[in-house]
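Participant: First the structure, which I've put down as C-alpha cells, then a few questions once you've had a look.
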Amino acid sequence: MHISKPAGPLPASVPFYRQLYFQVVVAIILGALLGRFEPAFAESLKPLGDAFIKLVKMIIAPVIFLTIVTGIAGMTHLKTVGRVFGKAMVYFLFFSTLALVVGLVVAHVVQPGAGMNINPADLDQSAVKSYVEKSHDLTLVGFLMDIIPNSLIGAFTGDQVVNGKLTGPNILQVLFVAVLFGVSLALVGERGKPVLNLLEALIAPVFKLVHILMRAAPIGAFGAIAFTIGKYGVESLVNLAWLVGSFYLTSLLFVLVILGVVCRLCGFSVLKLIRYLKAELLLVLGTSSSESALPSLMEKMEKAGCEKSVVGLVVPTGYSFNLDGTNIYMTLAALFIAQATNTELTLGHQIALLAVAMLSSKGAAGVTGAGFITLAATLAVVPEVPVAGMALILGVDRFMSECRSLTNFIGNAVATVVVSRWENALDRDRLTLVLDGGEPPLLAPVGEPGVAPAALR
C-alpha cells in the first residue's frame, strides 16, 4: 500500500447541504411524509428505488473483481489469501451463530407473541405461498454448487432467467472467479504485469463512477421509503409493534454491546465507525438494501487503513456469510410465531431450529427478500412451527428489513477491521485519524503515487 501526501492544500469543507448524508436524510423524511399523506401516488414511486439499486448492482461486479484481483496479484505470498479467508470464515461462523442465539434468548425473555392465541388454520396461507415455494430451492448443496458459474461471463451477467430476464451478477460467483484469476495472475509473475497494471489503472475510473452513482442516492431513498410507507402504512406497525420494537432493540444492543466490545478490544469505537459510515447507513436505511452501499463500503474501509486485499475478500464474502441482522430476525420471528400460535417448543426443537437456521441463512445469499425467504426455509424443515404463521408478520416484514440490512452492514464493516487487524493488515494510525474525522493522506495504486479514487464524503 503506497501512501502519498496530498498535492497542495486540502479542499475546503463541503457545505452541509451538499453532503450526501444530509441529502439522504431530507429525502427519507420527504418520502415518509409523501407516503403518509399521498399513499396512492407514493406507491407509484417504487421504480425510483428499484432503478437506483439496479444502478448500484451494475457496478458491484467490476468493483469486487478489480479489488480482489489486484489485491491478490499484489501479494508476495499466496498463502496469505487462504489465511485471510480462513480467519474471516471463523469470525463469520462465530458471530452468525451468536446472533442466532441472541434472537432466541430475547424471544424467551420478551415473549413478543404471548397471548395472541392465533389459530394457524384461520390464517391466509396464500399470502406466504410464493415465499415458501422459493424457500424450497434453498439447500446447502445447491448453494455450494451455485458458487461455480456456468461460464466466466455468466458470473457477471447471471446464469438464471427469471421472468424472461437474467438475474444479474452473483456476488459469490464474481468472488470465485476473481480469486482464481488473481491467483493465476500472481503465478505467471512478470508476464502478468501488463494485465495487472491495466486493472490497477481501471480502479480509479470505476470508483469515480461509484462516486457519481451515489449522487443519485437521495432520489432512490426518496422513492423507496415513499413506496414502503404508502403501501404498508405506519398503521400496520401498531398491532405488531412489540415484535418490531423487540427486533430493533435487540439489533441495537447487538451492535452497541457485542460488536462494541469487539471493537473496543481491537482499539477503536463502534460509534465512531458508525459516524464514519453515516452516509452509507442512511442509504441502506432508505433503500432497505445493504447491497446498495457495498461499493462505497469497500472504498471507505480501504480509506480507513484496511489493506485492499483483505477488504476485497472479507466484504463480499461477509455479504453472504455474515448476516447478523438476518440471523437475529430468524430466531426471534420463529419463536414469535410459535408463541402467537401457542406452539410448544422443547429444548430439542429449539436446538434443531438453531442448527437449521445456521445452514439456511447461508443458502439465502444474494436472494431478494432473503430474510423472509430464509425464515420460510427454516420453518419448512422444523415442522413444529406452522409456516402459515408467517402471514402474521408479512405486513411488517418490510419495516424490519431496514433493521436487518443496517445490522448486516455494520457487522461486515466491523468484521473487515477486525480481520485486517488479526492479519496485521491494518494501518492503526490511519484508522484512528479517519474515525476521529481527520482527512488522511491519499492512497495511491502501485506505480501511480498521489492518484486515488475519490472517497465518498
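Backbone N, Cα and C atoms are what each Cβ position is placed from, and that goes for glycine too.
Pulled these features from Swiss-Prot for this protein:
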type	residues	note
TRANSMEM	22-42	transmembrane segment
TRANSMEM	55-75	transmembrane segment
TRANSMEM	90-110	transmembrane segment
TRANSMEM	138-158	transmembrane segment
TRANSMEM	168-188	transmembrane segment
TRANSMEM	209-229	transmembrane segment
TRANSMEM	242-262	transmembrane segment
TRANSMEM	335-357	transmembrane segment
TRANSMEM	376-396	transmembrane segment
Participant: Quickly jot the same-chain residues contacting the transmembrane segment (209-229) by Cβ under 8 Å, restricted to those at least six beyond its ends, or write none.
Facilitator: 20, 23-24, 26-28, 30-32, 34-36, 39, 42-43, 45-53, 55-56, 59, 63, 279, 282-283, 285-288, 292, 295-296, 299, 398-399, 453-456
Participant: Please indicate, using numbers and ranges, the residues of the same chain that are 6 or more beyond the transmembrane segment (22-42) and have a C-beta under 8 Å from a C-beta there.
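Facilitator: Same-chain contacts beyond the ends: 16, 217-219, 221-231, 233-234, 279, 282-283, 285-286.
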Participant: I'm a bit unsure how to read this: which one of 90-110, 168-188, 242-262 has the highest number of Cβ pairs shorter than 8 Å with the transmembrane segment (55-75)?
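Facilitator: Out of the listed stretches, 168-188 contacts the transmembrane segment (55-75) most.
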Participant: Against which stretches of its own chain does the transmembrane segment (90-110) lie, if we need a Cβ under 8 Å and a gap of at least six residues from its ends?
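Facilitator: For the transmembrane segment (90-110), the list is 242, 246, 250, 254, 258, 317-318, 321-325, 327-332, 334-336, 339, 350, 353-354, 357-358, 361, 411, 415, 418-419, 422.
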Participant: Using a Cβ cut-off under 8 Å, which residues of the same chain at least 6 positions beyond either end of the transmembrane segment (168-188) come close to it?
Facilitator: 57, 60-61, 64-65, 68-75, 78, 81, 146-149, 152, 154-159, 195-196, 312-313, 316-317, 319-320, 365-366
Participant: Sequence-remote contacts (6 or more beyond its ends) of the transmembrane segment (335-357), Cβ cut-off under 8 Å?
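Facilitator: Long-range Cβ neighbours of the transmembrane segment (335-357): 97, 100-101, 103-104, 107-108, 111-114, 116-120, 243, 327, 374, 378-379, 381-382, 384-386, 389-390, 392-393.
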